[in-house]
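> Just dropping this structure here.
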Amino acid sequence: MLKHNKSAVFLLIAALPVALIGALGSGPVSVDLVSALAEGWGGQSSDAVILWQLRLPRALLALLVGAALGMGGAAMQGMLRNPLAEPALLGVSSGAALVAVLFLYYGTAWKSGWLLQALAIGGAFSAAAAVWLLAGRGASAGRLVLAGVAINAFLSALIALALNYAPSMFAMQEVVFWLMGSLANRGWDQLLLALPFLGLGAVCLFFTRNYLRALALGEDSAASLGFQSRMYPFIILLGIASAVGGAVAVAGTIGFVGLVVPHLVRPLVRQDPAKLLWVSALAGALLLLLADILVINVVGAQELRIGAVTAFIGAPFFFWLIVNARRGQWL
Amino acid sequence: MAAHSHKRYLPWWLLLGAALLFAGKAQAYERIASLNLCLDQVLLHWAKPADIVSLTWLSGAEQYRSLPIPQHVQLNRARAEELLPLQPDLVLAGQYGAQRAAQRLQTLGVHVVTIPDAYSLEQLQRQLDALEQVLGPLAPLQRQKRALSGLLEQSTGGGRPSAVILSANNITYGSGMLEHQLLQRAGFENLVSGQGLGRISLEEVIALRPDLLVFYGSEQHFALAYLAARHPVLQRYIDSGRTYTLPSQLSLCPVLAVVDTLQQLMDKRETLVKAQ
Amino acid sequence: MSYTAEQGIEAACIALGLQRGRKNVLRSVDCTFKPYELTAVVGPNGAGKSSLLQCLSGVQRPSAGRIVFNGEDAGRLAASQRARLGAFLPQSETPAWSLCAADMVALGLLPWGRLPDREQRVQQALLLVDAQAFAERPVTQLSGGELRRVQLARLLVGRAPLLIADEPTAALDIRHQLQLMQNFRSLADSGKTVVLALHDLSLAARFCDRILLMLDGALLAQGAPQAVLTPSLIGEAYGVSCEFRWRDGIADFVPLDLLRKSSG
C-alpha cells in the first residue's frame, strides 16, 4: 500500500517534465524545440525567443499558479476540516481579484507590480478575515463555509460592478478574465511577481503543518496536543492569502483546482493533511499545466479562459462527490 | 398625450418648413447638429463653432474628447425630442446608429443627411466628398482632401519593410481594412495578409519578424487587453525604435486622422529604410 | 520543569471558575489529582465534568482560579510543554479525514516530535485497546466502539504523566469497558495521574481511588468511593433513590426510583 503510494507520487513528479515539454511544444507557431533550447537564454532566433520569452514563462506560471491553488485548497480543507473548502469558497480569490481590479483599472498600481501583489494579498486576507468575523469566533465549519459563500458572492458582484464602471472601454469584457482566469500574454515579469509570495505561503504552511495534522482530530484534541494558539489559523490564513492572492493577481481566479486536487491526491499521502499540502501543490501544478496545454492546442489564440477548462474537469468531479456523499461515505 | 404634443409642435413644424425652403437656396447651414461621434469631431475641427447647435454626449465624455466643446453647444443622446427644439437646419447622421432618431427627424421635416461610414481609403474619399457636398467648401476640409490625394499620389521609394499591427486583445488588421491600406500606401508590406480583422498571438508576431511593429491607440487606462503590447518580449522593438502607434482617432474618425497617420508612417518607413 | 515527563505529576485546581456566556459552568472548584491515583469525575449531565477536564487539559482557559502542576502555574507553561505533561481525550473526537487507525494513533505523539520508537509505541497502544486487528482500516469505516478504542490508543500512545479522558467507556461493550478500566488502573499503578469523567458509577466505584461528585459546576463531594457514593449524595446530585451493594470491594449500583426534585 505504502509503496504503491510512493510510486504514485513519484509518477506525479516524473509527469511534470513531460507535461512541461508538452507545453513548450504547444503553440500557434511550430518551433524547433531542440535547436531553440540549444541556443539558450539569449538566443536571437524567433524560435528561441518564442521558447524562452513566451512559452517557458507561461508554462512555469501555470505550474506556479496551479501549485498555489492546490496548496491553498489543501490548507483550506485541512483548516476547516471540510472537504468542500476551497480558496475561492472563503472569498480569498475574489478578495484578491477585487483589489487587483480596483487598483489596476482605477489606479496606477500596475506600474508597480510589487505594490499590486501586496495589495491583492491584503485583499485576500481581509476577505478571509471578513468571513472569519461574519462566522464568529470558533465557528463550526458549516457556518464558516456559509459565510464564505456569502462573502464570495458579494465580492464577485463587486468585481463585475467595478469593471462595469471602470474608465477603460475594455473593462466590461474583462470581467470574464478575472472570474475565469487567464494565462494569456503573461511573461517572466508576472512570474517573478507571483513566485516570492508562493514561497512565503509555503513557508507559512510549513510552520503550521503539525497543527493541520492535529486538527484532523478536532479543535479540542488539537488544543490538547499543544496547538491551542490563535496564531495557527492566522498563519494558515496568511499562507493561503499569500500564495493564492499572489497567483490571482497575475492570473485571475481559477476555480476547482483547489477543490479537486486535494481530493485526488489525499489517498496518496494516507490522508495526512500535512503531506497533502506538498503533493497537492505538485498535482495542482500538473493539472493546471495540462489544462493550459488543452487551452492552447484546442482553442488556440481565441482563448477559452483556463477557468472554464478547470471547471470542465471540476464539475464532473463535484457530481462524483455528491454521489459519494449520498452513499454516506464522508460528507 | 400624443395628440397634445403634436399640437404643441405645430408652430415648430411651420417654422422648420420655412427654414427648409431657405436652406435649399442658402447652402451654408447655420444650425448644424450631429448624431454621430465622428461627425461631431468633424464639425468641431472643420466647421465654424457658431454654426454648431448640438453634438452627441460622447464627444463630451473624457475618453473621446479631442477638442473643447463651445459653451452654446447642447449635448444630445441621439433623441429626436432633444433636437427638435434646437431648430437645426442640418442634422448629420452616420450610416449606423441613431437611425430611429434620424428617421423620426426626417418625417418631422428636418433636413437630415446621412454621411457614409468609411473603412477604406476609397470610402474615405467618398466620405470627404459627401461632407464637402453638404457642408460646402470649408477650407480645412479642402486642405485635408488635397493633402490626402497628394499623399496617395506620392510614390514610395525602393525597399518595402515589413510590418504587423498588434492591437488590443491581440487583434490585427488584414487586407481590406483601412489600417492595412495605410501600411501598403506608406510602403510597408503587411505580413498579415488575411482578410479583415484577425487575431494574432505574440508567438506569431515574433515568428513573423516584422521590421515595424504597429500598436493601435494609446492606453490611457489599464486593461488586460493591452497585456500583449506590454509583454517584455516586445521590448526589443521598443528599444530599437521599430514601433509605431496608430492614433486611436484613426478608429473613431479616420477622416480626421488619415493624413497625419499616413505621413507619419511614410516618415517611419524612410528612417527604417535608411537604418538598414 | 525540574522533572521529566516520565515522572509523576500532581495536578491541582485552585478556585477554578469558568464562564460560558452568562452561565457559570465551573464555580470555585478545588481539587488535587495525584500520581498513582485513578480519579473519576461523576455527576449528572451539565454538572461541569467536561469543563473541568477541559480546563485541566489546557483546552479551555479558566476564567478564574488556576491549574497548578507540581507547584507551578500550568497557565505559564508553553503549549507544547503542557501537551507533553497532560494528554486529553475529549468526549467526541471525530476525525475529519479517513486516516487509518494506526496513523490516527500516531497523532498522539505529535507533542514529542519524531520519537525513534514511534512504530512500537503505536503498536503497543493499539494492543492495549485490543485494536491491532483494524490498525490499517480507515477510521471512518469503524464502528462507534472500535473508533473509541482507537481514540483511547491515541490518548495512551504518548508519554504524558497526566491522562485525562472524557467518558472513555461510552460506546464500548462490557468486555472492552472492563479491559479499558483495567488498563487505566494499571497505568495509575505505574505512577500516572489518571482523571476520567464517567457515567457508570459501578465502574467508578470499582476501579477508582477517588471520586469527584459534581453538581451545577461545583464540587458536591470528593473522596474515596465508599464515602462519596452514598444514597443521600447520589440522591442530591442525580435526583434518584439508589442502592449500593458492596461485595469484595466491587460495588453494585442499582438506581431505584426518581426522587421528586427539590426546587432551588
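FYI, residue positions are counted from 1 along the chain as it appears here.
Backbone N, Cα and C atoms are what each Cβ position is placed from, and that goes for glycine too.
Just so you know, TrEMBL annotations are computer predictions that nobody has curated.
Annotation source TrEMBL lists transmembrane segment at A:60-76, A:88-108, A:114-135, A:144-163, A:192-212, A:232-265, A:277-298, A:304-323.
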> Which residues of the chain, 6 or more past the ends of the transmembrane segment (A:88-108), have a CB below 8 A from one of its CBs?
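Same-chain contacts beyond the flanks: 72, 76, 115-116, 119-128, 130-131, 144-145, 148-149, 151-152, 154-156, 158-159, 162-163, 166-168, 171, 178-179, 240-241, 244-245, 248-249, 252-255, 258-259.
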> Look at every Cβ pair spanning the transmembrane segment (A:304-323) and the transmembrane segment (A:192-212), keep those 6 or more apart in sequence, and say whether at least 3 of them are under 8 Å.
no
> Who are the chain neighbours of the transmembrane segment (A:232-265) in space, where the CB to CB distance is under 8 Å and they lie at least 6 residues beyond its ends?
12, 61, 64-79, 83-90, 92-97, 100, 116-117, 120-125, 128-129, 132, 177-183, 186, 190-191, 193-194, 196-198, 200-205, 207-208, 211-212, 276, 279-280, 282-284, 287-288, 305-307, 310-311, 313-315, 317-318, 321
> Where among A:60-76, A:192-212, A:277-298 do we find the most Cβ pairs under 8 Å to the transmembrane segment (A:114-135)?
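Comparing A:60-76, A:192-212, A:277-298: A:192-212 has the most Cβ pairs near the transmembrane segment (A:114-135).
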> What residues elsewhere in the chain lie close to the transmembrane segment (A:277-298), defined as a C-beta under 8 angstroms and at least 6 residues from its ends?
9, 12-13, 15-16, 19-20, 22-23, 26-27, 58-59, 62-71, 73-75, 78, 183, 202, 205, 209, 212, 254, 257-258, 260-262, 264-265, 268-269, 304, 306, 309-310, 313
